[in-house]
Amino acid sequence: MILIIYAHPYPQHSHANKRMLEQARTLDGVEIRSLYQLYPDFNIDVAAEQQALARARLIIWQHPMQWYSVPPLLKLWMDKVLAHGWAYGHGGTALRDKDLMWAVTTGGGESHFAIGAYPGFDVLSQPLQATALYCGLNWLPPFAMHCTFVCDDETLQAQARHYKQRLLAWQEANHG
């Protein structure tokens, strides 16, 4: 099962993430947990989130990039749900050998994230990758959709279909 942990503070204004989720929903075996819809008060049901993670074989952290990081509710979710003794540390093996993919949308172009004036994706992904590895997760190559503020609908749809193809390829390679 693919579990998408979706964190968009303003989903009603989303163009790219909305299309990505629409494409993901067309696949069997995909569960989407929209954190800002589930927890508008930021009071996370840790047990429910851990149960969802336990069912998953591929976990996706999907969100718009905000200040080169994750939205605040996703960070809180990580702090609470990825608990010592459950996700890491003594007895913390619940996530071991599951796959994790970071699916992120950006307003900037792909060239903005090339090494140069701003940090590249290799640098920006390090905290997430370190978290994944610390929890025993297999870090998969990220999926990034760039220029989402200026892309036309056709481009957004094409990129969202590419996202679906990544998920489908994972399902085929991992038998669901």
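Cβ from N, Cα, C; glycine included.
Listed in Swiss-Prot:
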BINDING   His8, Ser14, His15, Ala16, Asn17, Met65, Gln66, Trp67, Tyr68, Thr105, Thr106, Gly107, Gly108  FMN binding site
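Shown here: features listed in Swiss-Prot, placed on the structure.
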{"residue": "His8", "record": "FMN binding site", "Cβ neighbours (10 Å)": "24"}
{"residue": "His15", "record": "FMN binding site", "Cβ neighbours (10 Å)": "15"}
{"residue": "Asn17", "record": "FMN binding site", "Cβ neighbours (10 Å)": "26"}
{"residue": "Gln66", "record": "FMN binding site", "Cβ neighbours (10 Å)": "16"}
{"residue": "Tyr68", "record": "FMN binding site", "Cβ neighbours (10 Å)": "11"}
{"residue": "Thr106", "record": "FMN binding site", "Cβ neighbours (10 Å)": "21"}
### Task
Would you identify the secondary structure of His15 (FMN binding site) according to DSSP, in three states?
coil
### Task
For Tyr68 (FMN binding site), name the DSSP secondary structure in the helix/strand/coil scheme.
coil
